């Protein structure tokens, strides 16, 4: 009744080929489908083929149609007394197949003439071709510029332009139609472009530093794919700033990135005009823009003066000095402070550096009650100058190691009152000068600090938050050991409102809402 009909479809679509009959229901009926003369195995080819319909229908569903599904489909219907068949042709249109026989007909230093044969158009005319190239230096295949700029579907030659000289290339072609872009062709043979004069100059020409009487010149090498030929090298040109005559040096190495000119006539830290050119077997290329590079400096010749050091705590000291007195031939970039403990060897001394005109610095992480020796030198890119005289300083005694103990807190009248036992320093520890009370909301990370020289403190804090509190002594040697964290829970609103009641009620409230907890310094909360 409904036979399959020929269809024209596009790759990726899904269709149903109908095959519906009328028959005597007392007879068993069997539907089978064949494709291009071969019986379809629905178990094996279930990804694309499926039989759908009821007892009187054997429709064929084809999912996600591909080019390979184009051809002749036959539906066969059979009972014990008769059989019928119907045929349909399926045309599948898709992106073009890969072009064939891509050939490099001619190649110069920057161009390549290509030709190719078209591949199958897959029932949709080819509208354009795209040329791609690959070199040992590229990341995969890259589209290239051509003449004509747009290669239409009826053109089978093109000239690739903008290539780099003396680079090995291979090419491939990709066809496209209204349905999409097809698979690329097989690559062409590999061919190297011809040599040419170099055109790219070194980048970031600079320099400086080095030893006395040296001019150090540096640059970034030109990549191999931009050297344009064999025998690549550099021409380094330099002259004292303001002079007319250039001095030239040829470096016949593509990997050279540094040149050092040594001559006693080179004065310390004097400016030179510098440029770097390129060449290869075809001849000389351009020079980089001229830049100013300074010759090597001379180390500072004078030591810093008026060295002074003072102890800030058991772990920190501060050092002061003055700039060298008299004429100093070496430019000063900063100062180097060397320090070592009296019990250690000077060769194991630690060093820290300042930058610029800074004439003081703090040294941290030292040992308490220890004698330290210090010396200061000026430095620049050439090295360090002579050392100052050595000065001595003794760090202060360490802070108390015992934390505050027996901490008691009370909450009453919108206040928290803290009390603790006095901390007594040991003989080798700094005397306690006071205490720091650190507190914060349980939900916040920022901490507030109150200092006191007593063993109690009164905090006016809202009662609607939990608080974390720590107490530690402080001394000339720094902060001492901290108590364990104390958590003070928030107090209910009814208690907080009750704190402002009359005297008779206050006594009752005091018994109810005043909370007293005694904690030793190491108690765990």
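Yeah, the Cβs are placed from backbone N, Cα and C, and that goes for glycine too.
Keep in mind that this is a model prediction, so the values were computed, not measured.
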Among 319-340, 341-362, 363-384, 385-406, TrEMBL lists region 'Disordered' at 385-406
Could you check which of 132-157, 158-183, 184-209 is flagged in TrEMBL as region 'Disordered'? 184-209
Count the Cβ pairs between the domain 'Fibronectin type-III' (98-196) and the domain 'Fibronectin type-III' (303-398) that lie under 8 angstroms and are 6 or more residues apart in sequence, then report whether there are at least 3. no
Summarise the domain 'Fibronectin type-III' (98-196) by DSSP state, stating how many residues are helix, strand and coil. 0 helix, 43 strand, 56 coil
Helix, strand and coil residue totals from DSSP for the domain 'Fibronectin type-III' (399-494) stand at 2 helix, 44 strand, 50 coil
